[in-house]
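S.K.: One structure coming up, written as structure tokens, with questions to follow.
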Amino acid sequence: MKVAVFPGSFDPITWGHIDLIKRSLAIFDKVVVLVAKNKSKKYLLSDIERFTLTKDVISSLNFLNVFVDSYSGFIVDYALINSIKFIVRGIRAFNDFDIEFERYLVNNKLNFKIDTIFLPSSAEHLYVRSDFVKELMRKKDVDLSHFVPELVFNRLKSKFIDK
């Protein structure tokens, strides 16, 4: 069975993430969506909120063989512990590639047996970023349906609009 881990902060999960998960399923038998905990990053949502929201969205989409987990260490360590040989990373633009390629090089030094698969974003999701979602949520009456599922919008609404 070919298994991949798709790590991210998912603060929040977007249609871009979901597209990459769906496309990963065409390559791998099982995909673990890993909600990463990075102590140096500042998140809008708590670790539990990011995990729960990601899990709820994945459940609502009825994906088979997609599982949600969380981890606070190096992704290659998670992969090794769970016998996963592939890490999937999404690439939107050239600057993403530079960052992700550096991550790949570091991961490869830590464990050369775990490979990284780069998936370019679909054209309709090239501009979708969690940061943009958080920025746009500050505006009232904004349509975010191109960025996030309704479930995500409704959860974020309580953090922004309902205050």
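The backbone N, Cα and C atoms fix where each Cβ goes, and this holds for glycine too.
The annotation substrate binding site is assigned in Swiss-Prot to S9, K41, I75, R89 on the grounds of sequence analysis. Positions annotated as ATP binding site by Swiss-Prot: S9, F10, H17, G90, I91, R92, E100, H125, L126, Y127, V128, R129, S130, D131. Look at Swiss-Prot and you will find H17 tagged as site 'Transition state stabilizer', backed by sequence analysis.
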S.K.: Quick one: give me the count of other CB atoms within 10 A of the CB of R89 (substrate binding site).
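M.R.: R89 (substrate binding site): 21 neighbouring Cβ atoms within 10 Å.
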S.K.: Mind telling me which of the binding-site residues S9, S130 has the densest Cβ neighbourhood, counting other Cβ atoms within 10 Å?
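M.R.: That would be S130, with the most Cβ atoms nearby.
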S.K.: Between the two most separated Cα atoms in S9, K41, I75, R89, the residues recorded as binding substrate, what distance in Å do you get?
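M.R.: This binding site's residues have a maximal Cα-Cα distance of 18 Å.
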S.K.: Consider the binding-site residues S9, K41, I75 and say which one has the Cα lying nearest the Cα of I91 (ATP binding site).
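M.R.: If we rank S9, K41, I75 by Cα distance to I91 (ATP binding site), first place goes to S9.
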S.K.: Restricting the comparison to the binding-site residues H17, E100, V128, S130, which residue's C-alpha is spatially nearest the C-alpha of I75 (substrate binding site)?
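M.R.: Closest candidate to I75 (substrate binding site), judged by Cα separation, is E100.
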S.K.: So what sits near H17 (ATP binding site) in its own chain, CB-to-CB under 8 Å and at least six residues off in sequence?
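M.R.: Those within reach of H17 (ATP binding site), by Cβ under 8 Å and sequence separation of 6 or more, are F6, G8, F10, V33, G90.
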